[in-house]
């Protein structure tokens, strides 16, 4: 059985975060080895500031050739974790802005569809949201869309609530959309295990499914509403099989890239894919 084909047949685009070790051009082949139809990478070290936007032309060409060779049309990059556009420290804000500009340039050079960012944290969320959106709307993102990832609410990070996501999307211009991390969504307080339809109906009414361009598919080591951010393998956290059954069988989420960022990624990707496939077909018992 071809796992990739089974997901595609059901209009599910499933992938995971893959390493760029040995060269960024290696990522498409690694994704193919896991039977992914999408993948996410760091275009550089995810825990360092990106002070330049230079990529080797040979690496760019090889990356694009491998995208075609391994037939992966859905590509996502994740920006550095250091970004905080809501910081009270002007130096951090300026570094964050420069980093995003550089990563947008690199994504365009590589032909990557989406750049996911954590916008940061702030005491005054309303002011921060306006400042963040003013900056993002000022960017020329080219052919790459910027995706704002929702937060678990840990440490005043934003956007956490559906209302905050809606505010940012209402202000968004150009190519600014949303990445929905289901681990963060659940840990913030949205019960997608027992109250899925109501929660997603509210999300659709206030934000709109059309604004969701990527989903981070992670279980949660934190309970509902604990506002912690620790990912778990599919079905082994507090979201559990019941939550992922809801997600994987929701036709409203068809054809949206779903990216796993699960612990020990490479080692457990096959098991996570098989679990999702079983839930999609109703072959895994869920409670």
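Glycine is no exception: its Cβ is also placed from the backbone N, Cα and C atoms.
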In TrEMBL, the Zn(2+) 2 site includes 181, 216, 261. Which of 149, 164, 232, 274 does it also list there?
149
Among 118, 231, indicate the single residue that TrEMBL lists for the Zn(2+) 1 site containing 78, 149.
118
Nearest-integer angstrom distance between the alpha carbons (Cα) of residue 118 (Zn(2+) 1 binding site) and residue 231 (Zn(2+) 3 binding site):
16
Nearest by CA distance to residue 231 (Zn(2+) 3 binding site): which of the binding-site residues is it, out of 78, 149, 181, 216, 261?
261
Between the Cα atoms of residue 184 (Zn(2+) 3 binding site) and residue 261 (Zn(2+) 2 binding site), find the distance and write it as a whole number of Å.
12
Suppose you look only at the domain 'Xylose isomerase-like TIM barrel' (31-276); what would the mean pLDDT be?
96
Just to be sure I understand: of 181, 216, 229, 261, which binding-site residues have a C-alpha no more than 10 angstroms from the C-alpha of residue 149 (Zn(2+) 1 binding site)?
181, 216
